[in-house]
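*Asks:* One structure follows; several queries about it will come next.
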Amino acid sequence: MEVVSKIDQENQAKIWKQIFGFAESLVLKCAVQLEIAETLHNNVKPMSLSELASKLPAQPVNEDRLYRILHFLVHMKLFNKDATTQKYSLAPPAKYLLKGWEKSMVPSILSVTDKDFTAPWNHLGDGLTGNCNAFEKALGKGIRVYMRENPEKDQLFNEGMACDTRLFASALVNECKSIFSDGINTLAGVGRGTGTAVKAISKAFPDIKCTIHDLPEITSKNSKISRDVFKSVPSADAIFMKSILHEWNDEECIQILKRCKEAIPKGGKVIIADVVIDMDSTHPYSKSRLAMDLAMMLHTGGKERTEEDWKKLIDAAGFASCKITKLSALQSVIEAYPH
């Protein structure tokens, strides 16, 4: 029998890691559902296995099974285990597993790992040989019909998007103040969701009159108008869209951008918040951005785009120029100027 070389061993280990890649997402989901981070946080001091087991909301707890889940979570570096006391505590990333604060990632975790939303991934390769819609193949209908017929899933999705937008909006208003300070008096937020980003912009820049379009809820300061963005877009100095264009193919995006161009005055602009894929595999967000691209392909038939893709798209819609600003967030900001 051939001796396994060190290189072969490393390569086999790499494949085994990928085979069980799904385990990290589902163990993370389990930790959220069991409220492990909440329990440790509320206790303040590190906890032993038996202490933690006795305080979790779900009772009674099988300590052996909890131990094995915790072992995996410690390996993921989400929790710490003291070698001397054998007690568990929160590692720095675990703060994002806590509910009820503005940077909690719990809604995104529960949305992305939902069994229905992960089902289309089992049909990833099917679309290579035709126009297969993976979401429809997995769940029997397209995502937009599915969401209308399953309001609890629509709510779960919107909560996940709002969670992502809160993280993005914090970076946007702190790192991109100049975007909103060059003659913008009115801003129209266009898209699907809860208006989280526009509300953050309105709060950070109170002199800008903000309106929210096609959104289910608003703050008292803002106004809401229902509108089909393929037919028309509200007039404003700036049109703002977050995570909208990535839902659509290039031809559909060009239609939307043309409507936006018609709606803004001279000196106005379109502000797009979306993923910009780069080829730098060392960037902390690189893998997540590539995964988002596959998710859009599976769920809506849309795509994430490279910097060059964005420039071509904006040029095809008749804009004169664009500027891309990278933030400390999953998405970047693309400003499109008509003149």
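All positions are counted from 1 along the displayed chain.
Glycine is no exception: its Cβ is also placed from the backbone N, Cα and C atoms.
Below are the features listed in Swiss-Prot for this protein:
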type	residues	note
BINDING	MET161, THR165, GLY191, ASP214, ASP228, VAL229, LYS242	S-adenosyl-L-methionine binding site
BINDING	ASP164, SER243, ILE244, LEU245, HIS246, GLU247	substrate binding site
ACT_SITE	HIS246	active site, proton acceptor
*Asks:* Could you round the CA separation between GLY191 (S-adenosyl-L-methionine binding site) and LEU245 (substrate binding site) to a whole angstrom and send it over?
*Replies:* 9
*Asks:* For a quick check of understanding: among the binding-site residues ASP164, GLU247, which residue's Cβ has the most other Cβ atoms within 10 Å?
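*Replies:* Answer returned by the neighbour count: ASP164.
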*Asks:* Just name the most isolated of the binding-site residues LYS242, HIS246, going by other Cβ atoms within 10 Å of its Cβ.
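*Replies:* Across LYS242, HIS246, these binding-site residues, the one with fewest Cβ atoms within 10 Å is HIS246.
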*Asks:* Helix, strand or coil at LYS242 (S-adenosyl-L-methionine binding site), per DSSP?
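*Replies:* LYS242 (S-adenosyl-L-methionine binding site) sits in a strand per DSSP.
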*Asks:* In Å, rounded, how far does the Cα of ILE244 (substrate binding site) sit from the Cα of THR165 (S-adenosyl-L-methionine binding site)?
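*Replies:* On Cα coordinates alone, these residues lie 12 Å apart.
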*Asks:* How many Å lie between the Cα of GLU247 (substrate binding site) and the Cα of MET161 (S-adenosyl-L-methionine binding site)?
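*Replies:* Their Cα atoms are separated by 13 Å.
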*Asks:* Taking every protein chain shown into account, which of the binding-site residues MET161, ILE244, LEU245 has the largest tally of Cβ atoms within 10 Å of its Cβ?
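*Replies:* The residue with the densest Cβ neighbourhood is LEU245.
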*Asks:* Starting from the substrate site formed by ASP164, SER243, ILE244, LEU245, HIS246, GLU247, give every other residue of that chain whose CB sits within 8 Å of the mean position of their CB atoms, in sequence order.
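*Replies:* Result: GLY191, MET241, LYS242, ASP274, MET296, GLY302.
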*Asks:* Looking only at DSSP and grouping its letters into three states, which state does GLU247 (substrate binding site) belong to?
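*Replies:* Its secondary structure by DSSP: helix.
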